[in-house]
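Asker: What follows is a structure written as structure tokens; I'll ask about it next.
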Amino acid sequence: MKKILERSMEGSGTWQGLVLVGIVTWICASSYLKFTHKFRSLLQPWVARQVVGGVPLILRIQKCQNGVLDAFFSGLSCVVSVPFYTAFLPLLFWSGHGRLARQMTLLIAFCDYLGNCIKDVVSAPRPSCPPVRRITATKDEEDNAMEYGLPSSHTLNTVCLSGYLLHYVLSSLEYESVSIQYYGFALACLLVALIAFGRVYLGMHSVVDIVSGLAIGVLILGLWLTVNEKLDDFITSKQNVSSFWTALSFLLLFAYPTPEHPTPSYEYHTAFNGVTLGIVTGVQQTYSQFHHEAAPRIFSPELPISSYLGRVMVGIPTILLVKFCSKSLAKWTLPMVSNALGIPIRSSMYIPKLKGYASGKKTDEPKNSVGYLQKLCEFLSHDSFDIDTGIRFFQYAGLAWSVVDLVPSLFSYVNL
């Protein structure tokens, strides 16, 4: 048995190293060979023509506009948005459904990363407004409108998450029921259809965006249903998980493609990348205590609704406090570390004194004193790095870690 475990650990370390080396190789090769620019020059003109050609169909759909439909589709878009899922995930973890919550977190992160990468590689426009009427009922929708169009993230996410949730529910049933499978599948398809139609009705996407989001979502869902059990087993029971995921998260920040013009997509990815790291490291450390399959679940005698509401009342203020503290700590430490390592930095939001310029070594110092990290910056065509990326990453990593580690420890302490 001991030899088997040792071989498993060696094999795990080998593929982890290969994954990280592969990402580093991709970063260097794509930067040097300008893959993003080449892919964009091939895809963007065709997609732009499809978007322009789809405007008459959008206008015909919007002829049936009224206040009820505006409110319905706007509300539906909010319910299936990434911020909504992010707010919902802590409640799912605290309800005792740890495996479902882990898989939903990782799946959202994967969909968000891949979808936003494709958006920024293609850099295809959304339908022109006017003549299309674009409805942005919330600040989140206004931010979404600033992103590129293809693929539709709402459609992609809905396909993946509703499909996985259906799979989870059906696999959890004690007996198979054809009628439950049929109605569950029909309900998932109805939700996807409403989301897809709503994105066109709201003027946020053209048909080509919807179709691409649907196709990519189906491919991701098929892949996820194949690997989800192995991935969950790796996170909960293997070695080097935290160190591997930390390195992976760091490299994914560099592997993200550069869009034609800046959009909020990279900020969304950074935040959820931090969330994923916090969840993975926290679960890996406390799985046997709080997140195992025998953990009490909501509505069971061990976790009645009153205790669950108590968890929510304790947990929500705690994670918000941790987020604030993580942000403050990152704002204090990251600039000092960057300056000590000779990394040129700037801030567009969090640190006013760094706005609009790079801070680092003085310009009259010899150039060979900046070290390899600054040479890496120059190789990746960055004059400086936005320190806000690191601050955003660490505050969301701290928030997510508190959801699965600190807060469950508090629950145990106060008998919730």
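Note: Cβ is positioned from N, Cα and C throughout, glycine not excepted.
Straight out of Swiss-Prot:
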ACT_SITE  H154  active site, proton donor
REGION    119-127  region 'Phosphatase sequence motif I'
REGION    151-154  region 'Phosphatase sequence motif II'
SITE      D209  site 'Stabilizes the active site histidine for nucleophilic attack'
TRANSMEM  72-92  transmembrane segment
TRANSMEM  104-124  transmembrane segment
TRANSMEM  178-198  transmembrane segment
TRANSMEM  207-227  transmembrane segment
TRANSMEM  241-261  transmembrane segment
TRANSMEM  266-286  transmembrane segment
TRANSMEM  302-322  transmembrane segment
TRANSMEM  393-413  transmembrane segment
Asker: Taking residues 6+ outside the transmembrane segment (207-227), which of them lie with a CB under 8 Å of any CB in it?
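Answerer: Residues 47, 50-51, 54, 57, 107, 110-111, 114-115, 118, 124, 126, 149-160, 163-164, 167, 192, 196, 199-200.
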Asker: Rounded to a whole angstrom, what is the C-alpha distance between D209 (site 'Stabilizes the active site histidine for nucleophilic attack') and H154 (active site, proton donor)?
Answerer: 10
Asker: Take the transmembrane segment (72-92) and find every residue of the same chain, 6 or more past its ends, with a Cβ under 8 Å from one of its Cβ atoms.
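Answerer: Distal contacts: 100-101, 104-105, 108, 112, 135, 137-138, 140-141, 144, 153-154, 157-158, 161, 191, 194-195, 197-199, 201-202, 204, 268, 272, 275, 312, 315-316, 319, 403, 407.
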Asker: Please give the sequence-distant neighbours of the transmembrane segment (266-286): residues at least 6 beyond its ends with Cβ less than 8 Å from one of its Cβ atoms.
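Answerer: For the transmembrane segment (266-286), the far contacts come to 82, 86, 98, 102, 105-106, 108-109, 112-113, 116, 120, 235-236, 241-242, 245-246, 249, 252-253, 256, 259, 389, 392-405, 408-409.
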Asker: What are the helix, strand and coil residue counts for the region 'Phosphatase sequence motif II' (151-154) according to DSSP?
Answerer: 2 helix, 0 strand, 2 coil
Asker: Tally the residues of the region 'Phosphatase sequence motif I' (119-127) by DSSP class, grouping H, G and I as helix, E and B as strand, and everything else as coil.
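Answerer: Counting residues per DSSP class in the region 'Phosphatase sequence motif I' (119-127), I get 4 helix, 0 strand, 5 coil.
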Asker: Could you tell me the mean pLDDT over the region 'Phosphatase sequence motif I' (119-127), as a whole number?
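Answerer: Averaging the confidence scores along the region 'Phosphatase sequence motif I' (119-127) gives 90.
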Asker: In sequence order, what residues of the same chain, 6+ apart, have a Cβ less than 8 Å from the Cβ of H154 (active site, proton donor)?
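Answerer: Listed in sequence order: S77, V80, S81, I195, R199, M204, G213.
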Asker: Counting only residues 6+ away from its ends, which parts of the chain sit with a Cβ under 8 Å from the transmembrane segment (241-261)?
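Answerer: Distant contacts of the transmembrane segment (241-261): 16, 19-20, 23-24, 26-27, 30, 36, 40, 113, 116-117, 119-121, 123, 148, 234-235, 269-270, 273-274, 276-277, 280-281, 284-285, 380, 389, 393.
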Asker: By a simple count, how many Cβ atoms lie within 10 Å of the Cβ of D209 (site 'Stabilizes the active site histidine for nucleophilic attack'), its own Cβ left out?
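Answerer: Step by step: centre on the Cβ of D209 (site 'Stabilizes the active site histidine for nucleophilic attack'), count other Cβ atoms within 10 Å, giving 30.
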